[in-house]
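Q: Mind having a look at this structure? Questions to follow.
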């Protein structure tokens, strides 16, 4: 039997995918039943490392997603359009879809999964989060008996690389970003990574799976790492923490979730604290499993293609045994309830002002007695209980004061900050970070 | 639709399984379609924490595995017999089987999977390795595009707990084992854990999945942690290592595997080095994914039941959509080639004498000049290249000498040790450990 694959895109991930498909030795024997039928590219003239026969390549992507011979469409072109339209058209033509496109899934997941369900086909997306690290499929299958309470991930390799280097070298954000761009670890336009947008896409997808509901991306709180200074890394270190960009989804109550991305002080003993460089890790806490963590390289051609091809094989395995005999009212085959997306409601996400968390803040103030007292009184007035207030040193003639709170309501903390901002003795609120 | 489950055993894992099945809120909705039809127990009179209606319980286990109403048999009784016979009988009656029984699968996997294939049913066993940590299903599905090269696991919680305490407290094996037994972290008869037998069962199962072949358990090299002294932990620490009981399966060549369990010096910077207490972790290295690691609690009612119930749900999902339309020659449905076991050949396992690895060894010798020279010459005569030889101290009037080798052939190293053993100046070879 042969299963025909149509590939949309032949960039890094597409090339990695073709490389696995053409080298099945010592991999799963089912790979030998996959055939690359067409590969859609932007230009036929581009020089490529792969030696693909010319009749495989086409610039007519529409023809791929409507080709009656193709069983599985693999979208590895990235971006929002035409990726979204092509995926929807492929589904309308009853093709299974494998995608690595976190941005499209996070934004258009509702229409994509509704279309897939109507067509009776699968959309698999293991590669969209954590590169090759298995986390989508475990959430759907291996952990499906659990009530998931928390998902916390380091899901962006670029920011983790920058933060790791800031920590080991003591450098500032700007210089290390520039170096990372030179080395190819950060893109020329680093916004999606360093401002947390990529991580927000990914946690929206994970939250949707973990809590069986749709997530409005616009409701995901998102804060990047630009504000972090070498001083913060150093003070965090002294206090027993490292700073990581965490993507967090948490069941707050039966009705509400928290879904947020922000730099966070992580205790050095925490399993995520030692996840360094471009590595990603996702920690899931469920009942009754407790904590499980998945760790690996979160990006790159090889890891991402590993996930793409595994998804292709998962669909081929389903096709191989023949679709199930049970059909929906209109005759389309019923989808496996673990593999398909069955939820349609939107989750309610709690506003950040209601978040209860610990905070770290660094202030630059006039250097005279009583300033710490004024800060402490102000926090106290807003029910913000402090764990420590330390005058850490003098910077540019100003006193540098580092505050760590107990668990407090974010709304209260922000009100105190507003008031502090207006104090004439306070020159600058240099940084505010949450503590895990 | 309702899927009927017959449970064999109502110990810790069985009880945990029933608890999840009876509490579906905020778990996968498919749970609500599962019905506990019968629970097989040894005695009806035993006091139980669960309030199960009397007509569910039976001591007639045979009646469960042959009951025409039951779809899925869940074997959580443990032990070799009658577990093996009951599993085989359930398969002969075309029931899907979920088991947590690593010992039975490691020994009788060949006949169990052959029987399952003939009957056209699935045997799922996520709970057999690493408790609830997803590792079996990822190896079968999420990583199936990879050529797996190495699987290294900390897969026994008891020994990891003992080694972690030896490291943090500096105590000796015997006293900490006794304390672990008091606290319930080690069994009254600790043999299966501390001698590495449990880990050997698990790595045999993982190797079989990773390398798509059957593994003869008798060919798995197995060495426990009884020989490890506080001195070894302390010297390892000084050299930059921690000692862990590792279960290792490695592709040595196209023809041969290494499959082995032994205490190992692990560099402190290695991802497995910080896996402490009762936690388990499995590190998998594949092409093109690189390294991925799975981490969590490897035992206990909750984590293990999480894996058992997830497997039940995976089978229920397959039943829900209807078995595939493609059948084998005799009419039994074709099994999903990723979920079922398709291999039948046995892997060839290389003898330990051919292993190439680094060694750590500790010798007690007469305390006079020239001893280090004699050791060094003997190793050199056997092509054993040394990285360091250090007289670490004096113990009971004898010189304590710690040797670390470069990568050497184990057979050569053993020959050198034989010769050293016979030297009159050498009182004792106190310990020999491999280095990762």
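Cβ atoms are placed via backbone N, Cα and C, with glycine included.
TrEMBL does not curate its annotations; it predicts them automatically.
Not measured: the values here are computed from a predicted model.
Feature list, courtesy of TrEMBL:
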BINDING   A:8, A:9, A:10, A:11, A:12, A:13, A:14, A:15  NADP(+) binding site
BINDING   A:102  NADPH binding site
BINDING   A:187  L-homoserine binding site
ACT_SITE  A:202  active site, proton donor
DOMAIN    A:360-436  domain 'ACT'
Q: Look at each of the recorded positions, A:102, A:202, and point out the one with the fewest other Cβ atoms around it within 10 Å.
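A: The recorded positions A:102, A:202 were compared, and A:102 has the fewest Cβ atoms within 10 Å.
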Q: Would you pick out, from the binding-site residues A:12, A:15, the residue whose Cβ has the largest number of other Cβ atoms within 10 Å?
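A: Sorting the candidates by Cβ neighbours within 10 Å, the top entry is A:15.
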Q: Could you break down the residues of the domain 'ACT' (A:360-436) into DSSP helix, strand and coil, giving a count for each?
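A: Each residue of the domain 'ACT' (A:360-436) counted once, the result is 23 helix, 36 strand, 18 coil.
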Q: Highest Cβ count within 10 Å among the binding-site residues A:9, A:11, A:14: which residue is it?
A: A:14
Q: Cα-Cα separation of residue A:9 (NADP(+) binding site) and the residue listed as 'NADPH binding site', in Å?
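A: Residue A:9 (NADP(+) binding site) and the residue listed as 'NADPH binding site' have their Cα atoms 15 Å apart.
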Q: Whole-number Å only: compute the distance from the Cα of residue A:11 (NADP(+) binding site) to the Cα of the residue listed as 'active site, proton donor'.
A: 21
Q: Which of A:8, A:10, A:13 has the fewest nearby Cβ atoms, counting only those within 10 Å, among these binding-site residues?
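A: Among the binding-site residues A:8, A:10, A:13, the lowest count of other Cβ atoms within 10 Å belongs to A:10.
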Q: Which number gives the other C-beta atoms within 10 angstroms of the C-beta of residue A:187 (L-homoserine binding site), all protein chains shown included?
A: 13
Q: Give me the sequence-ordered set of same-chain residues, not including A:8, A:9, A:10, A:11, A:12, A:13, A:14, A:15, with a C-beta within 8 angstroms of the centroid of the NADP(+) site's C-beta atoms.
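A: Here the non-site neighbours turn out to be A:7, A:16, A:17, A:76, A:77.
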Q: Measuring Cα to Cα, how many Å separate residue A:102 (NADPH binding site) from residue A:187 (L-homoserine binding site)?
A: 17
Q: Cα distance, the residue listed as 'active site, proton donor' to residue A:15 (NADP(+) binding site), nearest Å?
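A: If we compare the Cα positions of residue A:15 (NADP(+) binding site) and the residue listed as 'active site, proton donor', the gap is 23 Å.
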Q: Can you grab the distance from residue A:202 (active site, proton donor) over to residue A:13 (NADP(+) binding site)? Cα atoms, rounded to a whole Å.
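A: That comes out at 18 Å between the alpha carbons.
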Q: Work out how many Å separate residue A:12 (NADP(+) binding site) and residue A:187 (L-homoserine binding site) at their Cα atoms, rounded off.
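A: Taking the Cα atoms only, residue A:12 (NADP(+) binding site) lies 14 Å from residue A:187 (L-homoserine binding site).
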